[in-house]
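Per TrEMBL, these features apply:
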{"type": "BINDING", "residues": "CYS8, CYS22, CYS25, CYS31", "note": "[4Fe-4S] cluster 1 binding site"}
{"type": "BINDING", "residues": "GLY62, LYS63, GLY64, GLY65, VAL66, GLY67, LYS68, SER69", "note": "ATP binding site"}
{"type": "BINDING", "residues": "CYS235, CYS238", "note": "[4Fe-4S] cluster 2 binding site"}
{"type": "DOMAIN", "residues": "54-210", "note": "domain 'AAA+ ATPase'"}
Amino acid sequence: MEEVPHDCPGADSAQAGRGASCQGCPNQRLCASGAGAAADPAIEEIKEKMKTVKHKILVLSGKGGVGKSTFSAHLAHGLAEDENTQVALLDIDICGPSIPKIMGLEGEQVHQSGSGWSPVFLEDNLGVMSVGFLLSSPDDAVIWRGPKKNGMIKQFLRDVDWGEVDYLIVDTPPGTSDEHLSVVQYLAAAHIDGAVIITTPQEVSLQDVRKEISFCHKVKLPIIGVVENMSGFICPKCQKESQIFPPTTGGAEAMCQDLKIPLLGKVPLDPRIGKSCDKGQSFLVEAPDSPATVAYRSIIQRIQEFCSQRLPEGENLVGS
């Protein structure tokens, strides 16, 4: 289908092809015929592919720059420290893929095998896939409209040969756009354990997180909990804590209490986190005694506990 109007009622709506907003849309005749409402066959193909993946976790953020990809990477690092746990990290931030840099995999290439695309392995039990591996240079801009992004996400979910995986972590772009709808719809039948939402303490970030929480409720995506990133700075010399981003409205803790959402933890600022990411190394290994590492490990444990309590068949998501 071609690009749709902003207020499109949706191909599966009773108003599809008949509503006022449909006038002049290049897909109007297709939607009115009912053909546009047909289920994408890729959903069943992806469901079959995902039978070898036990747990699927989406990492979301309302606003960019709050440390979502950094958290996704360290969640993968932390889970993979148990060599008996198979971990996969999928970067669907199509226009801003930072996972190859953070994981120290810049310049790596994706290889095709008889069973699909082979992920790039950082360790024997940690595989990574990103559109960044498909670019000739990390400076290349990806200038794609929604349908092409959706096609790439479909291909990642359907064609990557992850093998037997305990945890699939999906690093998403900020906001609630095409990529988020696509990954939820494509994984609907395969059962997503839930979403981890990343924020910083200040209200300008929390405002967008509330939208993200609303998105999760609308598409019936379980929320594992919220992580408050950059939550204060603990001086390495005097151990005194300073609020670099003051929680003017009570921070994530107050928001989670209001919305009855679990707060998984607070990760304090540590300049070594940024340095580790730039070097492509695990901060958990580089700074094992940092308060931020302690916070990361506690949060990772809570996510594992949540996943272990999830039933094999979860509630229906949008599109299922």
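The backbone N, Cα and C atoms fix where each Cβ goes, and this holds for glycine too.
Distribution of TrEMBL features across the structure.
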| residue | record | Cβ neighbours (10 Å) |
| --- | --- | --- |
| CYS25 | [4Fe-4S] cluster 1 binding site | 18 |
| CYS31 | [4Fe-4S] cluster 1 binding site | 25 |
| GLY62 | ATP binding site | 24 |
| GLY64 | ATP binding site | 14 |
| GLY65 | ATP binding site | 12 |
| VAL66 | ATP binding site | 24 |
| GLY67 | ATP binding site | 21 |
| LYS68 | ATP binding site | 26 |
| SER69 | ATP binding site | 29 |
| CYS238 | [4Fe-4S] cluster 2 binding site | 7 |
Cα within 10 Å of CYS238 ([4Fe-4S] cluster 2 binding site) - qualifying binding-site residues among CYS22, GLY62, GLY67, LYS68: none
Sparsest Cβ surroundings (other CB atoms within 10 Å) among the binding-site residues CYS8, CYS22, CYS235: CYS235
LYS63 (ATP binding site) versus CYS8 ([4Fe-4S] cluster 1 binding site) - Cα distance in angstrom: 25
Integer Cα-Cα distance in angstrom, GLY64 (ATP binding site) to CYS31 ([4Fe-4S] cluster 1 binding site): 34
Surrounding CB atoms that lie within 10 Å of the CB of LYS63 (ATP binding site), all protein chains: 20
When distances run from the Cα of LYS63 (ATP binding site) to each of the binding-site residues CYS22, CYS25, CYS31, CYS235, the nearest one: CYS235
Euclidean distance between Cα atoms of CYS235 ([4Fe-4S] cluster 2 binding site) and SER69 (ATP binding site), Å: 25
Separation of alpha carbons, GLY62 (ATP binding site) and CYS25 ([4Fe-4S] cluster 1 binding site) (Å): 30
From binding-site residues CYS22, CYS31, CYS235, the one whose Cα lies nearest LYS68 (ATP binding site): CYS235
Rounded distance in angstrom between the Cα atoms of VAL66 (ATP binding site) and CYS22 ([4Fe-4S] cluster 1 binding site): 37
Minimum Cα separation from GLY65 (ATP binding site), reported as the residue among binding-site residues CYS22, CYS31, CYS235 that achieves it: CYS235
